[in-house]
Amino acid sequence: MSTGKIAQVVGPVVDVAFATDDKLPEINNALVVYKDGDKSQRIVLEVALELGDGLVRTIAMESTDGLTRGLEVFDTGRAISVPVGKETLGRVFNVLGDTIDLDKPFAEDAERQPIHKKAPSFDDLSTSTEILETGIKVIDLLAPYLKGGKVGLFGGAGVGKTVLIQELIHNIAQEHGGISVFTGVGERTREGNDLYWEMKESGVIEKTAMVFGQMNEPPGARMRVALTGLTIAEYFRDVEGQDVLLFIDNIFRFTQAGSEVSALLGRMPSAVGYQPTLATEMGQLQERITSTKKGSVTSIQAIYVPADDYTDPAPATAFAHLDSTTNLERRLTQMGIYPAVDPLASSSRALSPEIVGQEHYDVATEVQHVLQRYRELQDIIAILGMDELSDEEKTLVGRARRIQFFLSQNFNVAEQFTGQPGSYVPVAETVRGFKEILEGKYDELPEDAFRSVGAIEDVVEKAKNMGV
């Protein structure tokens, strides 16, 4: 194990000098330094550049407070390695695989795997076309998720990305008994804490491993924490043969951390100040999130859209890797429609008759057609009023408004805030409900009866309670 000494510390960047006759550590190797020689105060550095003359530039995974020039640095001879396997379920980790919940730490001999790996080879990949039922009507009907696919949750600040992720974790664990890995990348510590306790109370935590590198962490940790979560998920897929759900909240923060690291390493910035290696870094992460013949990793990634600008390089680069997109729209939150999923902007390559079936496909496309026509008529309604519409158009507008409200529903994870019990709606029930609305079966019921309910029977029940 080669040993070097700290040459300089500039924020999270640490330069380490090795003797020129020593073997230099490889790129991505983990180096360890002990503050004041105290073995309990370990700081891990990751090699990023080799500068020549035995000097390497590293990025710290923790705060560099207390590091001084001349401190000894040890090369571990391998990349950062994190615990994997069933023991990770119900636990919370940081980027290094250290437990940060209040439970006992992992045994020294626990199985570990490096966070840097190659993507599965082409002949190991599987091409599954099975739908993953989420119980959320707007998703299951209009932008269904593929098992083993990649899903992007797009939206600006405060439109409900994290709540939607929490509901998906809840539904998958309760209804499918599936294993989930939640990776918090550069988001609020408070939200992570709330999520942990909510999942503990509901019992979902026993099926979930959680990895956090939050806003207060150095950029190196925020950049690598997604790989830590992915490594845990890959083990369940490749060794245990499981179908795993990988949640990443937020993939934009991964890009943002990469941009900070790139600037710290002195690279010339590219478009809008992002790192020149943006597409490469995104590709290295996304290509490992895939389904193999042994199991699958279905990833659901929250993607913050800066200033609601979808042409920004960060969300635009992520777009290229996705099978389904769920777009959250601020206009819908202002109308009180939750989840605020835009039914016309959201899309999925799974929405085809071969995958979802002819009836589902026909109902979904007709719903989109009605909503699109309603959007076109809104300008006329705003200027001239409803009276200028033909009877046929008035009927269409009435149905479109009922559909728009029926696409909303209460969430289980939001019950403590809304006081309303959440609902899980099977796909068959969802398709039947929208088909009957399109057929005009519920034209007489008030629009408010369709707001924030589960199945179509709940609409009828709500209308009765309203005295209709």
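Please read every residue number as a count from 1 along the shown chain.
Using N, Cα and C of the backbone, Cβ positions are placed for all residues, glycine too.
Features of the protein shown, as given by Swiss-Prot:
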type: BINDING; residues: Gly155, Gly156, Ala157, Gly158, Val159, Gly160, Lys161, Thr162; note: ATP binding site
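Cβ neighbour density within 10 Å is lowest for Gly158 among the binding-site residues Gly155, Gly156, Gly158.
Taking the centroid of the Cβ atoms of Gly155, Gly156, Ala157, Gly158, Val159, Gly160, Lys161, Thr162 as the ATP site, the other same-chain residues with Cβ within 8 Å of it are Tyr304, Leu328.
Note: Ala157 (ATP binding site) has non-local neighbours Tyr304, i.e. same-chain residues 6+ apart with C-beta under 8 A of its own C-beta. Ranking the binding-site residues Val159, Gly160, Lys161 by other CB atoms within 10 A of the CB puts Gly160 at the bottom. Within 10 Å of the C-beta of Thr162 (ATP binding site) there are 23 other C-beta atoms, taking all protein chains into account.
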